[in-house]
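*Asks:* Okay, here's the structure, questions in a sec.
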Amino acid sequence: MRFAASIAVALPVIHAASAQGFPPPVKGVTVVKSKFDENVKITYKENDICETTQGVRSFTGHVHLPPDNDDFGVYRNYSINTFFWFFEAREDPKNAPLSIWLNGGPGSSSMIGLFQENGPCWVNEDSKSTTNNSFSWNNKVNMLYIDQPNQVGFSYDVPTNITYSTINDTISVADFSNGVPAQNLSTLVGTGSSQNPWATANNTVNAARSIWHFAQVWFQEFPEHKPNNNKISIWTESYGGRYGPSFASYFQEQNEKIKNHTITEEGEMHILNLDTLGIINGCIDLMFQAESYAEFPYNNTYGIKAYTKEKRDAILHDIHRPDGCFDKVTKCREAAKEGDPHFYSNNATVNTICADANSACDKYLMDPFQETNLGYYDIAHPLQDPFPPPFYKGFLSQSSVLSDMGSPVNFSQYAQAVGKSFHGVGDYARPDVRGFTGDIAYLLESGVKVALVYGDRDYICNWFGGEQVSLGLNYTGTQDFHRAKYADVKVNSSYVGGVVRQHGNFSFTRVFEAGHEVPGYQPETALKIFERIMFNKDISTGEIDIAQKPDYGTTGTESTFHIKNDIPPSPEPTCYLLSADGTCTPEQLNAIKDGTAVVENYIIKSPAASKGNPPPTTTSSPTAAPTAGSAMLKAPVAMLAISALTVLAFFL
């Protein structure tokens, strides 16, 4: 990895006292200096911003790592200030296991998962208040949400003055030495990271190295977490299909080095006792999943015909033809194996080859879908998709919330610097040391539970591709997993939430009526799956102890494609100022730009948007829904949005 010789001196940061929009000065934080390194520290505050259950504690804070030599001997000339939000379990936190939650991107904040999916609260439509989530994942598990790599979400290198464009969702470094410009609907001011793409990890493996150093500090020195249960799990989503396998396998490798005394440095010898890796709608490996981008829009269980047969076949041709997607990815991986075997991304030739593969696959796979005007994260929704609701962005913009959190920077959902850094080296086309499917196999051989969970309406990391990954793994239990069949996921006495193939510690689950962010669509189903896996129960019923019956396998049907779904009603459009590029019509964007829009609690009331057209089908109505149980459970109202995809590896 190459780092800039220096980082520009940060502009003086103007605080809330002099300009609206900036975070207030940080006060009342607890500072814990590392007993291993005087330059390392943790700062944090206890608060009840989201978790309001009596007696249940939660903490927001940062782990601060100074500039230092990286693991491969190159000087890292920037600080890493990694944000965390820790929620104790609502039940028996001292004896509860702990799970890390990571969203993907690369560059997406884990506040997406916290507020739109599985955290203790939902943010209401007013963007100011919250509602308790009874299906929160911290009901029985201690949850640690982390913004990573550096500059993502509330994580930062150096606080820097910025402007934010609501029209195109972009952040720019600003010079306010001559005064702060007036804010309007299209331009806001605040404090963020440097936006320097050299001041963050530039690939998945380097992100794994960084998060391991964070974990060494947090698990040894954060004083508010002293559990009797030392098990650690990682649950992740989307680009987390790469983060999860790479991070977990790196943790496991480091554990082995600590045990055999290869690692002997004081402060870096804490065993991270891995229990589970969970991946929700993960984009894991292009070579397994690329074909699904052609097939899923053409032939899915909702009867949606987004592609013609001719279009599907043309995309498959572009995947397989000479110098097509697969050819370029193969060349990238061969070049990386030869020229960048340790995955530092410091070989310019390899970076160019892999970035070209990344861009080519994006062109062949993603560009055609843009023409459908359907949702990347929910094929049954329009492209301008208001679900899950983006109200948490306004909530996290409140001065009182930022003060209670002790954050010196404003929130940003997506870190442009991280995206540029990863895309510039072609990270999505690359493998890591074993390949990400090889990582999953390694973890299974090491006794770690692995769960793949996919909502069946997601396009961007769809369940067709996820199933191919599950069947393509090569480990000692491969044949047993293939012999297992699909069984119902029984959520309660009246509702079946999906189907699962499971053998022992490995499972693949298709969740009905869910898009990319499964817990946001099906909170009860997602919670049942999560808790059953975490507590060693079978996913189908929750009644069989997998630890006692390690050879357990599901029985049922070989395939699930015969289970068809109804297309849901189109969600009511909601143009949200802080997600304008993904939730607003061109007319509304123009009104925001010229200042004529009527806005209430970040929602554009005028001009109003019309409801989108239903997705195309071959029949007047699809076949019956998969269950006769109760209607699906949803989070209260309705999505975050990102810019139209311009690169393949731009996921949540």
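For all residues, glycine too, the Cβ spot is worked out from N, Cα and C.
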*Asks:* For Cys361, which disulfide partner does Swiss-Prot record out of Cys283, Cys325, Cys332?
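*Replies:* The record-listed partner cysteine is Cys325.
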*Asks:* For Cys50, what is the disulfide-bonded cysteine listed in Swiss-Prot, choosing from Cys121, Cys283?
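*Replies:* According to the record, the bonded cysteine is Cys121.
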*Asks:* Quick one: which of 248-267, 608-627 does Swiss-Prot have down as region 'Disordered'?
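*Replies:* That would be 608-627, the stretch labelled region 'Disordered' in Swiss-Prot.
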*Asks:* To which of the disulfide-bonded residues Cys50, Cys361 does the lowest count of other Cβ atoms within 10 Å belong?
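*Replies:* Each of the disulfide-bonded residues Cys50, Cys361 was scored; lowest Cβ tally within 10 Å is Cys50.
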*Asks:* May I ask which of the recorded positions Cys121, Cys332, Cys461 is closest to Cys361 (disulfide bond) if we compare their C-alpha atoms?
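*Replies:* Nearest candidate: Cys332.
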*Asks:* Under a three-state reading of DSSP, tell me whether Cys361 (disulfide bond) is helix, strand or coil.
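*Replies:* Note: Cys361 (disulfide bond) is helical by DSSP.
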*Asks:* So of all those disulfide-bonded residues, Cys50, Cys121, Cys325, Cys332, Cys354, which one's Cα sits nearest to Glu517 (substrate binding site)?
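*Replies:* Nearest listed residue in space: Cys121.
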*Asks:* Write down the Cα-Cα distance for Cys461 (substrate binding site) and Cys50 (disulfide bond), rounded and given in Å.
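*Replies:* So the alpha carbons of Cys50 (disulfide bond) and Cys461 (substrate binding site) sit roughly 29 Å from each other.
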*Asks:* Any idea what DSSP makes of Cys325 (disulfide bond), helix, strand or coil?
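*Replies:* For Cys325 (disulfide bond) - judged by DSSP and reduced to three states - the answer is helix.
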*Asks:* Here the disulfide-bonded residues are Cys121, Cys354; which one has the lowest number of other Cβ atoms no more than 10 Å from its Cβ?
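*Replies:* Among the disulfide-bonded residues Cys121, Cys354, the lowest count of other Cβ atoms within 10 Å belongs to Cys121.
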*Asks:* Measure from the CA atom of Cys325 (disulfide bond) to the CA atom of Cys354 (disulfide bond) and give the result in Å, rounded to a whole number.
*Replies:* 11
